[in-house]
Amino acid sequence: MLLMCCTEKAPVPEVVEEEEEHHELTGMFLEKPSDTVAIKGQDITFIAKVDSTSLVRKPVIKWLKGKWMDLGSKAGKHLQFKETIDKNTKVFTFEMKVVKVVPGDAGGYRCEVSAKDKCDSCSFEISVEEAETQEGQEDILSAFKREGAGEDEGELDFSSLLKAVKKKKKAVPKVEETDVWALLKNAHPSEYEKIAFEYGITDLRGMLKRLKKMKESEEKFSDAFIKRLDSAYSVDKGKKIVLSVELVDPNAEIKWLRNGQEIKPSAKYIMERNGNIATLTINKCSLADDAAYECVVGTEKCFTEVFVKEPPVTITKLMDDYHVVVGERVEFEVEVSEEGANVMWFLEDKELVRTENSKYRFKKDGKRHWLIIQEATLEDIGMYHCYTNGGHTKGELEVEEKELQVLQSIADLTVKPAEQAMFKCEVSDEKVTGKWYKDGVEVQPSDRIKITHIGRFHRLTIDNVKPADAGDYTFVPDGYALSLAAKLNFLEIKVDYVPRQDPPKIHLDVAGNMVTQNTVIVVAGNKLRLDVEISGEPPPTVVWSKGDKVVDAKEGRVRVESRTGLSSFVIEGAERDDEANYSIAVTNPAGEDKANLFIKIVDVPDPPEHVKCTGVGEDCATMTWEPPKFDGGVPIKGYLMERKKKGSSRWTKLNFDMYESTTYEAKRMIEGILYEMRVFAVNGVGISQPSLHSKPFMPIGPTSEPTKLTVHDVSDSTVHLRWLAPEKIGAGGLDGYIIEYCKEGDTEWQAANTEPVDKQNFVVRNMPTGEKMNFRVVAVNIAGRSPPALLGQPVTVREIMEHPKIRLPRFLRQKYIRQVGDTINLSIPFQGKPRPQATWLKDGKPVDEKKINVRNSNVDTILFIRSAEREHSGKYTLVLQIENMEDTASIDIRIVEKPGPPIAVKVTEVWGFNAALEWQPPKDDGNCEILGYLVQKADKKTNEWFTVYESNRRTNCTASELVMGNEYSFRVFSVNMCGPSEDPGVSKNTAKILKPSIGFQAPPYQEMDMNCAPLFTTPLVDRSVIQGYSAAMSCAVKAFPRPKIIWMKNNMMLGEDPKYLMMNNQGVLTLNIRKLGMFDGGKYICKAVNPLGEAAVECKLEIRPQPVLEKK
């Protein structure tokens, strides 16, 4: 008779089984995604809901396809993910939307949710059907398709005409995991590159060559192999793989080859033989192990391919945001975990690809990848994304219109005939072009009129000025609503032939440079030329002076140039020292004239000073600085700010408009990142040099308020508070908590603790009895205090009477059995206020404190026995009493040991080759039931003992198959739950098997045909086990010849993992699994195979999370 047993290695709480609906809610899920049949081209949404009321941290969800492909990296236009939370119920809702379903979306999916030490998962299937078409509107030509890749290849297939009649199609079979080799075998060649990118294939060309060889080699019948190698194996990089073949001859010599080269045994390549099973184990697979392998036995071979999958490519350096002006260069940079990895760039939902006319350039160097925009425009504004098959990052690009500044405007000119007139202006952008206009008509260049553009300077030069050249001239920059205007005056010279004497006169006309009366402003570094017209007859003498010093140099940086009727004062590259009062004096015999001028030199200001951070927030920082010591002679218009991450060389502009204050709040920063800032001062001349960098600072915000503040206990003078950590802590961490209280109606809060406490509970002491008190808790970190968490109502400080109640653990509600010598330590929690009195009784009498130790506390009582003895067995009663109220609980403790030997063992009868034995039960059963008896025999010649029966339930038995001519003695051991007795009961008499006097001719023996195919007489049973415990699954099978036993989980064969122990004891098959984890759940299959056939049984193993126990 075959028996089935199914045991666990640790006690399991009692489980109440209920009828299950189609959608069973277990673990962390309130709602799970279910199997769905989708219509091609339509949208479909899957929803998962998770209750977070009992979770310490926010749950994290992963959507997976097949076994390992993370769909989070595929988010985009086709796959969209959404996460919401109901703050009232603390229920998270996760959605995955598939837009316009395609046949490639069919398959198995898995949803995994985790939160700190808890996790749960569920699986679901998507089947894709073609959309139903109306009768008469089908394309008849589409039915005449050819099988195969090409348009004109393959045989004609008319089966679609038959399928069109059917309104329903069969659902796509469930796919537990994706086989890349199967995909490549069945895929169209145009889809190879798409599959390679989706599944991280790096050597596509090599795989296609090997795939071609695999198709050419067809499996043939072999005299050497019972089971060949599979056509292909797939393994993750860094993992191990086992290649296994089954041989006809277990003693045959075998060789393993890799790419035609024989493999030598080493720590990496381990070759093993177990009967007719030969295995090759490859440890720590690398890309070099991605090759063709052969198993050679004599002249026969079998082939396979090993495909090493690289781990998903992750992004190690994220993209930065850019804030630029029109025309600037933008470089988005990312760094990935693997060299040569493929990345995809997107602008919003549009993929960016390189074409001949594309403005985007792509560059990569090892692990670093760049997206380059040479000249940014307003059309480039948006969010840029970079995707790999295992990661995603994004960066925002903001583009501002560039403001054009006029550094030097054009001035009015007065020229004489045949002289040269030159209009000159300077703007801030070297790339800006423009047009010149005279009286509204565009000026065209000629031999006499020249238009030049060098750097920031634009010039209009007119040689040999004529009267027709006089008029209003305007310069208009292209692309800007701006114009610069000046006037050209033509000075006619009249010749008077009557000799006369005129007193000298200075005609001072520098209106283009005048700001106030007799003041000329010059930008430092520019050239100043003052052309002063002088009249008088005879021609006067001109003297220029700087203060009291005469300037008479004809050459040099500061010089005087003289012509008839004109004196020019020139300063090349004006400097600050050139600022002074200047005078010009003219004299002739008829008189003299004098004019005073003040030349003011203006420059860009000095950089601001003492830039520092005065305060930080979660994503902002407050910066202050002092104005520059020298403002350049022109009032400061404002400031420009830039920031960068510490260690980076790229500065980001924070403002484009002038900021007038010396205090600025920088926003849109990342918490926990070190930043540096610098400031530029701006006046009417230009922008200063940058200030010195500020000291590095880090935006850090206070935490959110603590959550779930509750009152745990109240006495006449204390209040015990409990709470949970804030939902948001941030980069500043958490230093502790401050507990504050005040009386009802007061507004002044007092701190209960001077130093922050780390624990999430606190006892506020010395409270006035009977008063109503308000309490609040504040989280503290380096950024300061968080918002307070308040109790909903005041707490009255008064002891609360609570009835005593014993919370007896479930395993103590049944008989508690231990062996002699074991340590007994029972902890029984209870409730009650004020503190209850706990008393232990044994069989109705107080326990002997010399033999049994008892310790009581406010919340529990402990019964401790260091070394248990038989006398400690009995009924123990715990009495919990508060005044006249009490509660009781009883525990039945039994101490057991091995039994004594059976008595009166004797041989009662001997016949043929048999002997009958009888005995009586032992006097001492070890304080527990006798489970059976172990019977052994020994012949007088050898005195070696052999087992006849391992477990005999009755007190008699028959020993058969005794040898003729031998004399036998017998002994019997008693067996209980502790094991067999120390001493056996030995028979007083012996059994002697005599030789018969008359010979007997036995009839010919016909051997019975015992061959049979495998048949499971006892199947596997579905199990439900708590996480962390061990479990065993058993079944029974009969077959001959002895079958090969294969254990599988989710259709995957279980390898030589020490976590799994597989046993076969006379047809009883047992699979032991140690320390179950949440991911050990699934479908387990036991398969038996012999030459006559095969059979399989399966069961479902469900893993339940450990129950949360109350803290003592």
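For all residues, glycine too, the Cβ spot is worked out from N, Cα and C.
TrEMBL labels come from automatic prediction, so no person has curated them.
Worth saying up front: this structure is predicted, and the values here are computed from it rather than measured.
Among the features that TrEMBL reports, domain 'Ig-like' is placed at 13-127 (among others).
Per TrEMBL, the feature domain 'Ig-like' maps to 219-314 (among others). In the domain 'Ig-like' (219-314), the DSSP tally of helix, strand and coil residues is 3 helix, 49 strand, 44 coil.
Mean model confidence of the domain 'Ig-like' (402-474) amounts to 87 (pLDDT, 0 to 100 scale). The domain 'Ig-like' annotation in TrEMBL covers 402-474 (among others).
Under the heading domain 'Ig-like', TrEMBL lists 504-598 (among others).
For the domain 'Fibronectin type-III' (607-703), the number of residues in each DSSP class (helix H, G, I; strand E, B; coil) is 0 helix, 42 strand, 55 coil. What TrEMBL records for 607-703 (among others) is domain 'Fibronectin type-III'.
Annotation source TrEMBL lists domain 'Fibronectin type-III' at 705-800 (among others).
The domain 'Ig-like' annotation in TrEMBL covers 804-892 (among others).
If you look up TrEMBL, you'll see 901-997 (among others) marked as domain 'Fibronectin type-III'.
If you look up TrEMBL, you'll see 1014-1104 (among others) marked as domain 'Ig-like'.
Across the range of the domain 'Ig-like' (1014-1104), the DSSP-based residue counts are 3 helix, 60 strand, 28 coil.
With a cut-off of 8 Å on Cβ pairs spaced 6 or more residues apart, the domain 'Ig-like' (1014-1104) and the domain 'Fibronectin type-III' (607-703) reach fewer than 3 such pairs and are scored as not touching. When the stretches 607-703, 705-800, 804-892 are ranked by Cβ pairs under 8 Å to the domain 'Ig-like' (402-474), first place goes to 607-703. Secondary structure of the domain 'Ig-like' (804-892), assigned with DSSP and counted as helix (H, G, I), strand (E, B) and coil, comes to 6 helix, 52 strand, 31 coil.
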